[in-house]
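Chemist: For reference, Swiss-Prot lists these features for the protein:
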{"type": "ACT_SITE", "residues": "61", "note": "active site, nucleophile"}
{"type": "BINDING", "residues": "60, 61, 62, 63, 110, 115, 116, 117, 121", "note": "substrate binding site"}
{"type": "BINDING", "residues": "189, 190, 191, 192, 193, 194", "note": "NADP(+) binding site"}
{"type": "SITE", "residues": "100", "note": "site 'Important for activity'"}
């Protein structure tokens, strides 16, 4: 749904994005920024603005961002709150906001350069926001065009091939720890990252893979267990946590037994982390901070020509948006 009576983007109101990524922050800092931005969603109805502002919250393993059409004061307020954490957030407005999201969707701003998962993450964040709010035309336009051009960019071979990915790194870590391919692996949560790791390991010969989800998954080719039947006393050698809501979705008594199996390894892909840091055994626990460090060691440099090409496309769409808004203003004035 598109919100009616949208205020024209100009000096007072910007189409902007504020956020942090793997470049500026640790995992713990991104968790703290996510908390601030989640709280900000509830405070967008401010008396000074006298209307509810729209937003899209994009939270992934390596970035936390809030996109909105809002006054500069709102972005400034969020930036000041984030800076109290000792973090310097980035803020892009108008055409630079377009260029940023186009590069994100195209995989050029990812820690895993050229990754495809970010396209789906951007789409899901946009669709969730569209279901819950009456988004402005500008936000609809921004996300729809960024998703479209991200696909086109990949189809034309603009996005580099990601040689080192999270599934590959997980596979390497299991080999380093000499995990037998007949070992029992448990994936809790049917998230995209859990699925990509599970299918990669299956292709590498791991044959005892179990998924645990809120409900039965009829098309899954792997073993399944529903949450009500989950027991950490079962001999799962490796456990993969794919969703931050698991910390509260599963009973505390169940979590207490996650370390009971000797030498069990836990991969926590969630942001915020599914397991609080004070409850883990460091030598048996891998979170996204450690994975990010591994990925940095293998990260390729962005091709400047690819970056320039995608930004130019974004700028053209920004100009197109302004032309459309001008036509809407003219139609409204003549009505």
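Just so you know, the numbers here start at 1 and follow the chain as drawn.
Note that Cβ sites are derived from N, Cα and C of the backbone, with glycine treated the same way.
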Chemist: Using only the residues recorded as binding substrate (60, 61, 62, 63, 110, 115, 116, 117, 121), report the maximum Cα-Cα distance in Å, whole number please.
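Modeler: Largest Cα to Cα distance for the substrate-binding set is 15 Å.
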Chemist: Could you measure between residue 61 (active site, nucleophile) and residue 189 (NADP(+) binding site) for me? Cα positions, answer in whole angstrom.
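Modeler: Rounded to the nearest whole number, the Cα-Cα distance is 15 Å.
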Chemist: C-alpha of residue 192 (NADP(+) binding site) to C-alpha of residue 121 (substrate binding site): distance in Å?
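Modeler: It is 9 Å, counting Cα to Cα.
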Chemist: Can you tell me the CA-to-CA distance separating residue 191 (NADP(+) binding site) and residue 110 (substrate binding site), as a whole number of Å?
Modeler: 19
Chemist: Considering only the binding-site residues 189, 190, 194, which residue has the minimal Cα-Cα separation from residue 116 (substrate binding site)?
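Modeler: Nearest in space to residue 116 (substrate binding site), counting only the binding-site residues, is 194.
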Chemist: Under 8 Å Cβ to Cβ from residue 100 (site 'Important for activity'), same chain, six or more residues apart: give me those in sequence order, or none if nothing qualifies.
Modeler: 17, 92, 109
Chemist: Under 8 Å Cβ-Cβ from residue 60 (substrate binding site), six or more apart in the same chain: what's there?
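Modeler: Looking at Cβ-Cβ distances below 8 Å from residue 60 (substrate binding site), excluding near sequence neighbours, one finds 118, 121, 271.
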Chemist: Fewest other CB within 10 angstroms, which one of the binding-site residues 110, 121, 194?
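Modeler: Counting other Cβ atoms within 10 Å of each of the binding-site residues 110, 121, 194 gives the minimum at 121.
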Chemist: For the NADP(+) site given as 189, 190, 191, 192, 193, 194, which other residues of the same chain have their Cβ within 8 Å of the site's Cβ centre?
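Modeler: For the NADP(+) site the neighbour list reads 187, 195, 196, 242, 243, 269.
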Chemist: Counting every protein chain present, what is the number of Cβ atoms, excluding its own, within 10 Å of the Cβ of residue 61 (active site, nucleophile)?
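Modeler: Its Cβ shell of radius 10 Å holds 24 other Cβ atoms.
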Chemist: Please list residues from the chain of residue 190 (NADP(+) binding site) whose Cβ is under 8 angstroms from its Cβ, counting only those at least six apart in sequence.
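Modeler: Counting only residues 6 or more apart in sequence, the Cβ neighbours of residue 190 (NADP(+) binding site) under 8 Å are 211, 213, 217, 242.
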Chemist: Measuring Cα to Cα, tell me the gap between residue 62 (substrate binding site) and residue 193 (NADP(+) binding site) in whole angstrom.
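Modeler: Checking the Cα atoms of residue 62 (substrate binding site) and residue 193 (NADP(+) binding site) gives a distance of 12 Å.
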Chemist: Under 8 Å between C-beta atoms and at least six apart in sequence, can you list the same-chain neighbours of residue 189 (NADP(+) binding site), or say none if there are none?
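Modeler: Same-chain residues close to residue 189 (NADP(+) binding site) (Cβ under 8 Å, separated by 6 or more) are 212, 213, 241, 242, 243, 246, 270.
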Chemist: If you count other CB atoms within 10 A of each CB, which of 116, 191 wins among these binding-site residues?
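Modeler: Of the binding-site residues 116, 191, the highest Cβ count within 10 Å belongs to 191.
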Chemist: For residue 100 (site 'Important for activity'), which DSSP three-state class applies?
Modeler: helix
